[in-house]
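Feature list (source: Swiss-Prot):
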SITE      TRP41  site 'Seems to be involved in pH gating'
LIPID     CYS50  S-palmitoyl cysteine
REGION    60-80  region 'Disordered'
MOD_RES   SER64  phosphoserine
Amino acid sequence: MSLLTEVETPTRNEWECRCSGSSDPLVVAASIIGILHLILWILDRLFFKCIYRRLKYGLKRGPSTEGVPESMREEYRQEQQNAVDVDDGHFVNIELE
C-alpha cells in the first residue's frame with residue numbers, strides 16, 4: 001500500500017480511514033508539503049500579475065523613464081498594460097453539427 005493513499009473502509013457508523021491516525025514521519029511530511037504546495041499554487045493564480053511584474057522589475061515600478069517625453073511614456077504604459085491584460089476577444093467559438 002502506498003504511503004500517500006488512504007483506504008476507506010465502511011463501518012457501521014461512518015466511513016473511516018485506516019491511516020488517519022498514522023504518526024509515520026513520511027506521511028506527516030508529505031501532508032505538510034502537499035498543503036504548502038496547494039497554498040502557493042492558489043496565491044500564484046490570484047496574484048500572478050503582481051508577482052511576475054515584481055520579479056521582472058524588482059522593487060521598482062518599472063524601467064526608468066527619465067528624459068523620455070511624456071507622449072512616449074504614455075505609449076509605453078499602454079503597451080505594457082496591453083501585454084499584461086488578458087484579451088477575451090481571441091477565443092474561438094466552435095459549433096458542432
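Just so you know, glycine gets a Cβ as well, placed from its N, Cα and C.
Put simply, TRP41 (site 'Seems to be involved in pH gating') is 14 Å from CYS50 (S-palmitoyl cysteine) when counted between their Cα atoms. Its Cβ placed at the centre, TRP41 (site 'Seems to be involved in pH gating') has 10 other Cβ atoms within 10 Å.
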